[in-house]
Amino acid sequence: MKLGKVEFCHLLQIIALFLCLSGMNQAEPSRSRSKPYFQSGRTRTKRSWVWNQFFVLEEYMGTDPLYVGKLHSDVDKGDGSIKYILSGEGASSIFIIDENTGDIHATKRLDREEQAYYTLRAQALDRLTNKPVEPESEFVIKIQDINDNEPKFLDGPYTAGVPEMSPVGTSVVQVTATDADDPTYGNSARVVYSILQGQPYFSVEPKTGVIKTALPNMDREAKDQYLLVIQAKDMVGQNGGLSGTTSVTVTLTDVNDNPPRFPRRSYQYNVPESLPVASVVARIKAADADVGPNAEMEYKIVDGDGLGVFKISVDKDTQEGIITIQKELDFEAKTSYTLRIEAANMHVDPRFLSLGPFNDMTTVKIIVEDVDEPPMFTSRLYSMVVSEAAKVGTIIGTVAAHDPDASNSPVRYSIDRNTDLERYFNIDANSGVITTAKSLDRETNAVHNITVLAMESQNPAQIGRGYVAITILDINDNAPEFAMEYETTVCENAQPGQVIQKISAIDKDDPPNGHQFYFSLTAEAANNHNFTLQDNKDNTATVLTRRNGFRRQEQSVFYLPIFIVDSGSPSLSSTNTLTIRVCDCDADGIAQTCNAEAYILPAGLSTGALIAILACVLTLLVLVLLIVTMRRRKKEPLIFDEERDIRENIVRYDDEGGGEEDTEAFDMAALRNLNIIRDTKTRRDVTPEIQFLSRPTFKSIPDNVIFREFIWERLKEADVDPCAPPYDSLQTYAFEGNGSVAESLSSLDSISSNSDQNYDYLSDWGPRFKRLADMYGTGPDCLYS
């Protein structure tokens, strides 16, 4: 009987299992050292039996606990005297054991990817004594893998780039998928790659996941981006395997495979002749399908009749060629220009030279348009000279301008008065002859820069400008003078022949050969006995003393007239006076004091003492002013302002006064007894102007009961008035009582025969009261009888 391969393998497994069991039983020397043996619930082919391991499949989905294996001890006779217990990882929570039979079951679904194996310990105990009958034994339960995890691309989705026009097989990017299943068992974790989307442009290596180009000459300008879908499948790609996918975006990067090309073979532009230099005439661009550095171009004018008139440059942003003017255009001189322009790539790839040439040519024609131009001067700058001695109307020079247009309109000239504010010059409107209009002075302005305007007669709006520089030639019209204001001193102890000053001169004129000055004393000063002058022949002179013994008390200042002559033609001269002060000098000849008055002042009175005296005088003046001001304020009458509410002006004085003894301020006797007449008292704060020699006698006034009662009634009303203010107030009443101590001066009462009043004393008061004395007096000249 012949056995097949499968049957033969199964037979070998049975024989091996039998031999292992037999060997274990024979190896147990005694009961006390015997170990439990383990029976596996399941076996797998192509695996040797390990006595201390159990195997259980993951992801068991049955309703009953999964049988794992069996523990058995040789001591166990099957009479129930032995019980089995488990301890370790997952004991009681995941794995349970039948303490009577030793059968082990898994109560929960197991996942190898979470935990691949569990280590447990088995113990056989005597049920009665609860003592171990076998030593504790450790064993492992391994979770057998099943294909329950699909491959995953942990780094996806992917982006990659590859140059366009790449050859077939160019590597693009590598993708990697991982499978959580056991890579050491079966094919659950063996992954192969395939491309689901992206053919026929790209391919993928099945084992490595490297994506490569599958077509040659892929053109970015046709399509620059591709979306690929890559699949990873386990079980070596067999049916039933799990798979995962990812996307790969592949972008074709640019290469310089497109030469520049002008859209047109020729261009034409019209420009006015008045267009300024550096203005843009035109913009042209050669088309290039490439991008970035591969599309960068340079332009140049290779031929034509406008090589020196125009130039072309490139705009770095738009890659356009910009044609600009280098020289002024003149329609009358040339009406058109032709340019041959070349555009070429700056970065050429040698691999694609066969697609070239990578440059192109075009023709640009520029038509110059005529415009009405302003007159043009024959020279941009005219230089003219004139003597400052020139008379008014002297011709200086001529300017000329013409109309450059074909019409050649006549031109009229004028001076821009903003450049000749003083109107020193005139110009003939027709001939352009410039003449002087005022006397010129080189020392005031040596060069005049004026602007001449030329206007077309037919179109005055067209104005040309010419510039004229007029230089004024010098003549000797300024006399020399001292170069500066000299402060010359001579010491009282100066010796004869001592140099006290060195002088020089200046001249506003500017002779061609420079200045030459001659110094001397004037005729009246030549024979003085004090000072002399020495000409140094180098435009300087030296002043020396002739004697010694200068004294400030005799003469403190000397005036020395000096005669200065220049070398002009004709020569001019001037007399300048040098002031020399006599000073008291120290041992080194340095002046200390030069004023004669200072010599007379006593030596003990210094500047500080003078300042102290002045400060004292000012202090005394201030004190006097304060005293006068305070006296004036005391003379002011202490009268309340009727419009002011005295309740709102509370002034506090920390002075209690003199009590009852103080009767100078106010006499209360009039209020206490109206019959008492106060003696006349002179006010201390007012000087009386008139002193009366005699006083009239008044009759005794009866007790004014009405006035007293009036005051008491008002006081009682104020005390009981609930609306009265709760503070002291001033009550004013327009009630004078029945009479007055001075009685009346009425004329009606004066003329009555019963009147005892005598007004003769009014004639003694002076001329001011003469009229009243005549009216009320009783003399023989009285008006009334």
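Keep in mind that glycine also has a Cβ here, set from the backbone N, Cα and C atoms.
As annotated by TrEMBL, signal peptide applies to 1-27. Annotated domain 'Cadherin' per TrEMBL: 73-153, 154-262, 263-377, 378-482, 482-599, in sequence order. Marked as transmembrane segment by TrEMBL: 599-628.
Across the range of the domain 'Cadherin' (482-599), the DSSP-based residue counts are 7 helix, 53 strand, 58 coil. DSSP places the residues of the domain 'Cadherin' (263-377) in helix, strand and coil in these numbers: 10 helix, 54 strand, 51 coil.
Across the domain 'Cadherin' (154-262), DSSP helix (H, G, I), strand (E, B) and coil residues number 3 helix, 45 strand, 61 coil.
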